[in-house]
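To keep things clear, I will list the structure first and then write my remarks on it.
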Amino acid sequence: MAAPRNVLRDEESAAAALLNNSSKEDDDSPTGKRLKSERFPVSRWELAAFFGVFLIFSTGLFCIYLTMPATEYGKLKIPRSISDLRLLNSSVDHVREYNFANYRDHVAGMLSGASNVLDISHIEIVDNIATYASDYPTQFILGYCSTYIFMQTFMIPGTIFMSLLAGALFGVKGVFLVVFNATAGACSCFFLSKLIGRPLVSWLWPDKLRFFQAEIAKRRDKLLNYMLFLRITPTLPNLFINLASPIVDIPFHVFFLATFVGLIPASYITVKAGLALGDLRSVKDLYDFKTLSVLFLIGLVSIFPTLLKKKKIYE
């Protein structure tokens, strides 16, 4: 009776070994590898760290909003289109050129010319932003900076409209505001990526990350010039530079200087466009061929010392 039991055990062990081999073959197959690579790469600890940082920033932003003067928050919204910004720019111009009573007459005229309830609500929302920024400039700038840095840190789309808003509300002075906020947000994104960004960037942009790492390795001697070139020109997206820089071991002081100086030309172009919204049909018009040519020319100037050094070495 012992022999049949041994035979059954041998058959069970053989079946288990066959299943293990088949599972290994599935893992080694292209389909198995693809499924493994498609798994979300961030661990639970990294997700917890991200949500912890997000909660801290959100709490700080909420506290800042609580300190701002009371208003009808339902009618105080950030412009989300070029038409909103164009209407806002018109309102700000009337605030600057006329007294408050005449400005109210201007708004009343726009409301009387509105075709429907949606247009009236639209005009009132934009009007509230202009008057709020005029009545409470310090509180408005604090809320504006906090919102901009929050959006830049957590890669929330819409900072381009925030930059145009700075031009529409503050004029050329808005350049300093945009550069400060963009640099602060990029630095926050840098440290956030340093904390949890490596697996995510490697998963989203593996080829681009390898290319970026190789280019950084070749230019360690003149890294600041190369980073300035990347910041000035649209060669690589700013989002990718913010996330990938700590992964390829770019020193923070180089990242900070390149970001602060390199974002000035693009910020000036965006703020200037906010002053002349009548000529702007869409966001794509911000970077036409002429603008891109100027940016690349400035970028070439930033890497000129590197090219000159290479020429001397070859000679």
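Positions of Cβ are set from backbone N, Cα and C atoms, glycine also.
Taken straight from TrEMBL:
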type     : residues : note
DOMAIN   : 156-274  : domain 'VTT'
TRANSMEM : 47-68    : transmembrane segment
TRANSMEM : 148-170  : transmembrane segment
TRANSMEM : 176-196  : transmembrane segment
TRANSMEM : 228-248  : transmembrane segment
TRANSMEM : 254-277  : transmembrane segment
TRANSMEM : 289-308  : transmembrane segment
Item checked: Other parts of the chain folded back onto the transmembrane segment (254-277), taken as Cβ under 8 Å at six or more residues beyond its ends -> 82, 85-86, 89, 160, 163-168, 171-172, 174-175, 178-179, 182-183, 186-187, 190, 223-224, 227-232, 245-246, 285-287, 291, 294-295, 298, 302
Next item on the list: Could you tell me how many residues in the domain 'VTT' (156-274) are helical, how many are strand and how many are coil under DSSP?
Entry: 99 helix, 0 strand, 20 coil
Item checked: the domain 'VTT' (156-274) [mean pLDDT, rounded to integer] -> 91
